[in-house]
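J.: Sharing a structure, written as structure tokens. Questions coming.
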């Protein structure tokens, strides 16, 4: 399209050339006469008065330049060209005849009358330029200009459609391995390892925090009689009795009960290392230690399983062949991520049912007295108790009411004789006498017998929080908690440089121990494997917290217990004696009764390893004894025959690395096509579903006890053992003197796990103590799960091309290809038989998105292949170098395009597939519902005292009772001053052999055993389940270069590129010629009267007459020797032509304006609605005319412009199809195309009025090129016909299919790029009423729209009707 400036320039060129031509013609028609001689100069006459205006004479010679005049006023508007210069009158006069001969000189004449006005003087110098006048009116349209020069090349067009995929080339050489991939997602936990041997006793755990006090248990049944209590406090001294006679010496009394244990003596000297004791029983596995510090990166692991074949990638450009590097091994597995944060404490559970009554525990240390609880509510009145023995006289009560009149007293002494009076009547009751004096307190009565147990009081209110209790004994190990959820993956570390391949690393750490399996039958003793390599030294740990107080040395053996002497009378307390020297250790006495359990002692130092004794003969089996303590770990028995598979055990700790087995013999090569030998072990698959429980194997005979093996890694905590039977009650030892309470020591190092202490009475709940200082770092935890694969090593050298591997697993279908060229519709193919349902393959990872391939036509279904066994995944090849680009193959013979095959009948449901892989652990579920109410809680604490009972009758005074029983021991008194050292006691009898001490710390490793014989080969294991699908392999090697294909057909012409930037400015043009004369200016102001000049000389002969009348035509006469722009001409001969030029310019300007700002009319259509919207943003959405292919406007189309969305919408013609109901289908369950089959081949059309189908197709093609998005909806009106979802079945198998413009079929489900969406679905059930389903399809591939046809399925039945309403297609 020519720009406005270009057109205007062409027009001016044309006008200018026309003016030049006219000028040359005019110049040729005027003859120039000969120049006459110059006359003499006359004298200057006096200046006469100013005469009248004379007739214009010939122009005189040029005068001297005048001074520049002031700027003139603005002239009237010029013509559009601004080049209409005026020709000046300045020049030689035209037309004078030849000059006559000179006459004789006459006498001076008289002063003549004033001469006529002189001719107009020459024009002065140009004045200052005036202000620019307003733009003139637009001139008429000029003739079309010459074609302009080629514009700058446009921007490159959009890439053409992808060409046909060539045949696969031959396999290229292996490429260099790619850079290391990103760290993969953490894999699933591997399968549980086999159960490991029981580990050695774990290190004693730190004392657990004291548990909260439990709720009081129900009152147990009456216990057995308790041990003999401690000697009570001395009773009050009785009155001294009279000395009895000395009795005979009695026999020696029995050995008195042992007093309470004395306070620990001073530490004895460190004893010599004792012989190595028998291996202690395997203690319960300690809790899992905290994660150790990250170890050094392990060595490179073996290569993983080969991945499944990836999708065919896009053909790469030919790369330069690289130098083959050394083959890299996969990097080591990374360290596990950090342990996740501990979860929040869960809500307190409901009260559980009361457990069975436990066996009576040993008496615990007495707790500190708790603070008094709040007073409980009064209990109910108790039943009336038995009559108590007479109590002590009470204190005097308040005065009672007056008693009845007493009986007459005893007769008094005779009074003086009175006069005899008359006997009066009985007197009234006298007033109350004064109270008597309070009598002395009576003796205390005997304590009454205990009353019956009152009924259970109501639970008291909670008491105040008591003081923090002393640290209780270590509780039994708790049952293992459920494993916590896997923590979140740690942040990804920065990628390191690729290292050189390291040597093959040692085998992994031992697996975690599983549950104890049934003992196998005894097998032959296997040879010990060779020692494993020492691991690399770990990095130094961080500076630990300051250690606690060192261990106390072991206590010396107990001295002899002396016999108790006869009890003497209590003397006064003597002064403490000085401390005697320690006595020598006596021989051990016989076993005394079992004492109370003392607090656990601190660990002694480890003794040296003693020699292993010879094994004695096996004794006959004795009767089953009580459950003893766990025995020492025996040597592994010989392998028994494999029992049937047990239930899956809990995940065990990693096992000790086994020795490398000898290489087996190479098997014979199998036939091609069967699966090859197993590849290298792949990455751990997902955890499979648990297998069925195997039957219990027979119990194997016990193997011979082997030498004690080195302690294994710390095991996970074992399950809680059964409670052992209570030991016999020991006698109380003599009480030691109480020592001063020592200052609380710092937290000691972790001691060995003590035996379970006796359960003390439940103390009051202590206040939460402050957090203790951080303990020292724990021992190294068990080896964590394997980390993710390390980075790829240096590329290996390219290997030779191997034989073709077995067929890979069929990949998922590729994305639809690009649309092929439209072929002729072929005949419909036969329906293939239904294939057998294949096994459900594991879903492959998403392939790389391929370029859009051509849409293939549905072929006939081939016969089903038998499902081959799943091949083992080969090792991944290293990434090959990209092969050189293949030559294009010969074009294949164009096959006839068949009709789209009908949709096949839905096949029968496939056989149940194998169980899928176990998914990753789910997230923690929501908290469950509250459990049912628990059983009644145990008895509460005793209630407050009941209300006082009714006052009993006063008892008789009792006899003085015997001395009361000793009261309960009072609280511990404060520690008395240290006594003086006592004399050295006599050696006591030898104690019995003490119980087996706690297992000492691990002794030094024993000498290495000799290598055992090679074990028998194990039985062949059952064939494993098929492995899970491996990870994607590395990208396959590029194929060899294919042949070059033929030159593809030229793509469609791309849309016009955006307008290029303005070119550089051209050189400045030559000065234009002067324009036409301007219009006549206004008359100048009349000049002032000049002064009269002196008389001049006589003038020359008179001038020739005025010129003749102009000869017509364009008056560019010869007078126009010079162009001037400021001298108006008086002749009006130019004006009519000026108007023609002006009108032409104006018309041309209007046409250019309409090109730049289209009006959307049929004569002046826009290209798209977007152009209209940009030109007229104020316009409203409506119907307008557009011409997408530009050029002639005869094929413009009328569309609806939606200015709110910027869309150009084209209506279908017609919009509605008539209702259809009489179509009988040839085959049931087939989609039937409405336009192709039912309407006899007429598809939806989008013709605008006055435009043919071919012209409309061209306009639509341009619209698709100009748009980058398109959308359209279609409404399916139905009566008893399903359009999308069938509500009865919930399936979409009856949904309609739509055909797009490029023959693509748009469906209800499948590839999301070819599925439509449903806005309203009223046709989902059959109601005998008309309803509708509105379908919409939006795409960024405008080539797929508009819809050309629709294929419903659920039609043709009785009382079924449908019609279609096609919505507009909108491009944007």
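Quick reminder: no glycine exception, Cβ is built from N, Cα and C everywhere.
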J.: Going by what Swiss-Prot says, which of 213, 1273 is noted as N-linked glycosylation site?
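T.: Among 213, 1273, the residue Swiss-Prot annotates as N-linked glycosylation site is 1273.
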J.: For the candidates 90, 315, 1146, 1332, I need the one that Swiss-Prot annotates as allysine.
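T.: Swiss-Prot records allysine at 90.
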J.: Test of record reading: of 26, 86, 1227, which one does Swiss-Prot tag as pyrrolidone carboxylic acid?
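T.: The residue tagged pyrrolidone carboxylic acid by Swiss-Prot is 86.
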J.: Between the recorded positions 1192, 1201, 1323, 1370, whose Cβ has more other Cβ atoms within 10 Å than any of the rest?
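T.: Of the recorded positions 1192, 1201, 1323, 1370, the highest Cβ count within 10 Å belongs to 1323.
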J.: Would you identify the secondary structure of residue 1273 (N-linked glycosylation site) according to DSSP, in three states?
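T.: Note: residue 1273 (N-linked glycosylation site) is in a strand by DSSP.
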J.: At a 10 Å cut-off from the C-beta of residue 1273 (N-linked glycosylation site), count the other C-beta atoms across all protein chains.
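T.: Taking all protein chains shown, residue 1273 (N-linked glycosylation site) has 21 Cβ neighbours within 10 Å.
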J.: If you compare CA-to-CA distances from residue 1370 (disulfide bond) to each of the binding-site residues 1189, 1192, 1195, which comes out shortest?
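T.: Going through 1189, 1192, 1195 one by one, the closest to residue 1370 (disulfide bond) is 1189.
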J.: List every residue in the same chain as residue 1190 (Ca(2+) binding site), at least 6 positions away in sequence, whose Cβ is under 8 Å from its Cβ.
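T.: The answer is 1167.
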J.: List the other residues in this chain whose Cβ sits within 8 Å of the Cβ centroid of the Ca(2+) site residues 1187, 1189, 1190, 1192, 1195, in sequence order.
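T.: Going along the sequence, the neighbours appear as 1165, 1188, 1191, 1193, 1194, 1196, 1259.
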J.: Between the recorded positions 1187, 1189, 1195, 1273, which lies closest to residue 1169 (disulfide bond), Cα to Cα?
T.: 1187
J.: Please list, in sequence order, the residues in the chain of residue 1195 (Ca(2+) binding site) that are at least six apart in sequence and whose C-beta is under 8 Å away from its C-beta.
T.: 1187, 1189, 1251, 1255, 1258, 1259
J.: Of the recorded positions 1192, 1201, 1209, which one sits closest to residue 1278 (disulfide bond) when you measure Cα to Cα?
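T.: Result: the closest of the recorded positions to residue 1278 (disulfide bond) is 1209.
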J.: Could you list the residues of the same chain, at least six apart in sequence, whose Cβ is under 8 A from the Cβ of residue 1209 (disulfide bond)?
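T.: Same-chain residues close to residue 1209 (disulfide bond) (Cβ under 8 Å, separated by 6 or more) are 1199, 1200, 1201, 1202, 1368, 1369, 1370, 1371.
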J.: Between residue 1192 (Ca(2+) binding site) and residue 1323 (disulfide bond), what C-alpha distance do you get in Å?
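T.: Between the alpha carbons of residue 1192 (Ca(2+) binding site) and residue 1323 (disulfide bond) there are 46 Å.
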J.: Between the Cα atoms of residue 1323 (disulfide bond) and residue 1273 (N-linked glycosylation site), find the distance and write it as a whole number of Å.
T.: 16
